[in-house]
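Report on the following structure.
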Amino acid sequence: MEFFAQQFINGLTLGSIYGLIAIGYTMVFGIIGMVNFAHGDVFMLSAFIALIFFLILTTWLGMTSVALVFLIVLVLAMVLTSLWGWAVERVAYRPLRGSFRLAPLISAIGVSIFLSNFVQVVQGARNKPVPPLVNDAFVLYRHEDYVVTLSYKQAIIMATTALLLAGFWYLVQKTSFGRAQRACEQDRRMAALLGINVDRTISLTFVLGAALAAVAGTLYLLYYGVVSFSDGFVPGVKAFTAAVLGGIGSLPGAVIGGLIIGLIETFWSAYFSIEYKDVAAFLILIVVLIFKPSGILGRPDVEKV
Amino acid sequence: MSVAGINVLVEETRAAQARAATPLLSIRGVSTYYGNIRALKGVDLDVNEGEIVALIGANGAGKSTLMMTIFGDPRAREGTINYAGRDITRLPTHEIARLNLAQSPEGRRIFSRMSVRENLQMGAAVNGGRHFAEDLERVCTLFPRLKERLDQRGGTMSGGEQQMLAIARALMSRPRLLLLDEPSLGLAPLIVKQIFSTVKELNQRDGLTVFIVEQNAYHALKLAHRGYVMVTGSITMSGTGQALLDDPQVKAAYLEGGNH
């Protein structure tokens, strides 16, 4: 039982990171009906940006306040990654809008390969570590030898995810930007007739998706303490699976999907075999696509584009 | 009064006359293409301030293409479109929409997964939320049916209600010129009558200029001050609404056995 509880907490943490990445997939798919395959690599890139600033702030500038370092790194990673997200959309996707449907998809795969190779060339192929910053943990339950803990890192990750989901939900449902975004999702031509700058709305969607990926990347680095250039692809595809599972186009769906994928992966590793954890995650993708393509919270009316 | 003063006065009078004579919307030699197909073939058309102008024609004549071309989507390949003294031929669609002209497009294009209120908020987007409550009140008075359904999803409403919503949404931007594309399509005669009388009221009471495209030629020409007839992308006839109604050619092509 203690083992189960501990794995549950670990699974939720991993799932929160997947959920944050999945929001980026789901928003972009919602608005232009395209799977942004480069999103996983944008996530990886943001972890590297976070890594660089961690090292600058702690090693070079000798800052010691962990909370302050974390906040500065987070903000810088969000800003710089957003710029990447914006540039990718501008360079690789916008010129292809109105082209045949597969064109931006192929372009996205190209961007994905470019980003991971770019990072490999400039940062090297080895795993890059950061010194552990936060090591404390809440002890939730103690039974003889076995302790169930919730580390500060895990708490930060879950709280950040919950907070961002609430914030984004509010943004999309209640603000004029969110309304414009949903209008572009449903009928881009009509949105333009009502004075909405469609290109700008799409750009902002990419920027927001990238900013969330940057939060996920920073948290990922904080949690695992290490990142490599190849870390974009698999988490990216799992987050995409999460978005499909939750119902693509739905923000809460993305996070719920992420949590489920994280839990399945963790439990599979804990109880069966860690080598096959990715197989378990992707099996879910296949099962969902066959039996409930619209996902848990998805709309059944898939009349996209 | 000095000579110079008189000259200034004369100049001002001339300018005022020129302003009055310039149509609010002026379309000159506009051609639009879909690929290599020339959908509009050098269209000339004017809409003066305060008028209701109807464009009638058969299915596929290019009426809706003209409506969308005014908004730059598709863009006119030849010719110019002037609105309120400004050349808008090359402006991006969303910037045209911010110039106090609004469209209730073909097929209504309601945001079906948004509530009625949100659809109206989208209509008011160009005002950035200023005087929203006041405008909401105004369109709800025009279309009381919408008031009962503010929180209902747009897609769940009947065709007539969706048409009212499409017009109301266009009115939320406080337009000077309203473009109405086929407001009667697929609606019961009673609802058509209601919508047309609302348009008339908006024109007479508020001085709203209206450019209406219709297959329902009889109702449209009855309503309009002036009308144009379009055949396969060209304007073939124009005149006052009554003159066109009485014209034997129009009668034969669009009115005899028609749906009036």
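Just so you know, glycine gets a Cβ as well, placed from its N, Cα and C.
Quick look at what TrEMBL lists:
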TRANSMEM  A:12-35  transmembrane segment
TRANSMEM  A:42-61  transmembrane segment
TRANSMEM  A:67-88  transmembrane segment
TRANSMEM  A:100-119  transmembrane segment
TRANSMEM  A:155-172  transmembrane segment
TRANSMEM  A:202-223  transmembrane segment
TRANSMEM  A:243-267  transmembrane segment
TRANSMEM  A:279-298  transmembrane segment
Selection from A:67-88, A:100-119, A:155-172, A:243-267, A:279-298, the stretch that has most Cβ pairs under 8 A to the transmembrane segment (A:202-223): A:67-88
Criterion met for the transmembrane segment (A:42-61) and the transmembrane segment (A:155-172) (at least three Cβ pairs under 8 Å): no
Most Cβ pairs under 8 Å with the transmembrane segment (A:12-35), selected from A:67-88, A:100-119, A:155-172, A:243-267, A:279-298: A:243-267
Closest-packing stretch to the transmembrane segment (A:155-172), where packing means Cβ pairs under 8 Å, from A:67-88, A:100-119, A:243-267, A:279-298: A:243-267
Non-local residues, at least 6 beyond the ends, that sit with Cβ under 8 Å of the transmembrane segment (A:243-267): 7-8, 10-23, 25-27, 29-30, 161, 165, 168-169, 172, 185, 277-278, 280-281, 284-285, 288-289, 294-299
